[in-house]
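Taken straight from TrEMBL:
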- Ala99, His104: substrate binding site (BINDING)
- Gly100, Gly205, Asp226, Gly280, Lys284: ATP binding site (BINDING)
- 22-301: domain 'Aspartate/glutamate/uridylate kinase' (DOMAIN)
- Lys34: site 'Transition state stabilizer' (SITE)
Amino acid sequence: MDQRHESSATSASGTATKPLHCIVKLGGAAITCKNELETINEDNLNVVSAQLRQAMISGPFHGMDWSRRPGSLEIPTVADNFDDQSESGSKKFIVVHGAGSFGHFQASKSGVHKGGLSKPLVKSGFVATRISVTSLNLEIVRALAKEGIPSIGMSPFSCGWSTCERNIAVADISTVFKAIDTGFVPVLHGDAVLDNSQGCTILSGDVIIRHLAEHLRPEYVVFLTDVLGVYDRPPTEPHAVLLREIAVQEDGSWSVLKPKLQDTSRQVEITVSAHDTTGGMVTKIAEAAMIAKLGIDVYIVKAATDYSARALNGHLREDIPNDWLGTVIRLAK
């Protein structure tokens, strides 16, 4: 195994006892107001949390957020009708979220993604970035817990993940593995981490998903975004075309199957926001293609829509219905 890509994927017993159903990426632009510093899109997050619960849990559920919000006088309500029924019917998910309006500003302002921890600005930015992204992680865990999802926040930095030349070097996923095995839903996020070559960098949530998919082999992966899927050009431009299906070859190259583009010589145009330190859609497509190479279907779809609900529930495993809008990235047949 490549020395830069070490991983531990064993549970306490050394083997997996429960297969992983799905890895979900909550895109930062979908769950936050990306142009408003550290502002959560509450409506989208609430809808997505409910859709995730419907995909994971069959039957009744109990809220699991028994904490008092800062500044609130409301006393947490604890259900008194818990029973001892088995949760064996629950499907196993992992959630990974982006930062959106949390973390990106701090990282970009200080240059954390470029390294250089010896510089006071970079070290301060590293701390500020982690404060921001972990605060978002807590709010997402809280939203999922309110829906009865037994979510557990896990920060890559705190779990010992690190990089070398911005590629994953160490990623011990044994804790993630144990959490899944014991019925929890790990909630990871893009994070500021140490880098063996440049001191520090930003580890993208999309890279985290690819690494987890490689070692845990979910049945499928869903990327929830703020647009319907992948377009042939920025979706705000006139005549932008939604790419419905992308086929990935074994060498990692990819081509558009649906729809047939009239100008086949035209390259798909991708833009990255100026403050995005993780590569934006460029990274998303590259990592999705790597996942598809493993034989795992990837669905990129707009969050908090009927289309996202259908993707999360696994309704797209065979043929993609004509009335479903999103992008499917899968291994070429």
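From the backbone N, Cα and C atoms, a Cβ is placed for every residue, glycine too.
A quick note: this is a predicted structure, and the numbers were derived from the prediction, not measured.
If you compare Cα positions, Lys284 (ATP binding site) sits closest to Ala99 out of the recorded positions Lys34, Ala99, His104. Taking the Cα of Asp226 (ATP binding site) as the reference point, the closest of the recorded positions Lys34, Ala99, His104 is Lys34.
Separating the Cα atoms of Lys34 (site 'Transition state stabilizer') and Gly100 (ATP binding site) is a whole-number distance of 5 Å.
A distance of 12 Å separates the Cα atom of His104 (substrate binding site) from that of Gly205 (ATP binding site). Take the recorded positions Lys34, Lys284: by the count of other Cβ atoms within 10 Å of each Cβ, the lowest one is Lys34.
Gly205 (ATP binding site) and Ala99 (substrate binding site) are 9 Å apart (CA-CA, integer value). The Cβ of Asp226 (ATP binding site) has 18 neighbouring Cβ atoms from other residues within 10 Å, across all protein chains displayed. In the shown protein chains, 28 other C-beta atoms lie within 10 A of the C-beta of Gly205 (ATP binding site). Using a 10 Å Cβ-Cβ cutoff, His104 (substrate binding site) registers 27 neighbours. Gly100 (ATP binding site) is surrounded by 27 other CB atoms, counting those within 10 A of its CB over all protein chains shown.
Per-residue confidence over the domain 'Aspartate/glutamate/uridylate kinase' (22-301) averages out at a pLDDT of 89.
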